[in-house]
């Protein structure tokens, strides 16, 4: 069997709930797969076969002990700006669409999503489905293929997740249930109150009141837990709290308007202060500056130029501050970007920041999506110390390198001193070797002690984190009530 996890709003903990359920089933030896029909996120992941899906579904797949695949997130929307999103269908670029045009295709896309779900269910037996945003968006009911229309098609039991941390949990739950369509409301089998601060037992009267008001059982009150797993979307940036506020080493990640895959830096956040600095914020005083990925290189480059970021980068370069570009950030560090109307409406040529001798051309609607393993081969104090690294590429455009040294075998570029380099490789600094190489140099330059990164880590978190999440969830949720919705094929 299967169930659907819906939420009262965005960022209430649906993704973590699905990951926890997947891990809990995995720990019981029960096969399960995650599923989200439609995800809107700029944090994505590349599967073994080169399919692109939302990073949350990849996290959930690894929690379930299986490889991520396209059917787990058949529709991925990647906002490009001005109400335009790239639609990734079954792991491959489909087209760029205005939101109004997208809504005209929801019947077809829903059919694709249901087919993907059925393929997963036929193979795994159990599927944990995640909704999107808030379930009770009444103005979208006729085109909501991630919540209401999907629930209507699948007719699965629903668990509703609410976030008590932001306040108003009674209104969240009662209002959502009251607004659900009459044919959907009876499917709601339970409520989970998430992100409680303090002793959950103190909310016992609240549990009783919720059950009295709604007639739906509360399956658990889950305390807030700071378990290191990748973030799904840019809402998470605002919630980031410096875990290492006392460290003298500080890294600036330029918060691009269309920042993507900022999960690249979450391992670094565990060890030094990482600030996400918006355009217009100062970059002076940092030990390292990173330009991350973006869904629209041309538009975000223009935004940085409007705020004088290029001059700040040149001054940082004069001070010997390491400057690193990842994916779109790598493209921006080059001399020139030639766009044939792929990134913007009209063909044009744009000057980059000129710190790397590379030129990027967008000549066709082709996307590179591939997992990679490379050895760092560049010069200087950082790159040679990285060793072999794993990651993945997700990018439009092709970059030609001038006479500069390559940063990684066959890819990337570096200045002769190795203090400015760029790569298309996402997940670079999720490799402990790469993180140690950077942090050791920054600590030495700052004149402070360096504590190496030793924890097991992958691009999507350590297995221990998944286990911690499952244990935390199971401790506070009525698992007996939930387990009746899943089948154990071992007994068949």
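Cβ atoms are placed via backbone N, Cα and C, with glycine included.
What Swiss-Prot annotates here:
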- 248-434: domain 'GATase cobBQ-type' (DOMAIN)
- 327: active site, nucleophile (ACT_SITE)
- 426: active site (ACT_SITE)
PLDDT averaged over the residues of the domain 'GATase cobBQ-type' (248-434): 91
Tertiary neighbours of the residue listed as 'active site, nucleophile' (same chain, Cβ under 8 Å, six or more apart): 260, 261, 292, 293, 294, 393, 394, 395, 423, 424, 426
Collapsed DSSP category at residue 327 (active site, nucleophile): coil
DSSP three-state assignment (helix, strand or coil) for residue 426 (active site): strand
Protein Cβ atoms within 10 Å of the residue listed as 'active site', excluding its own: 27
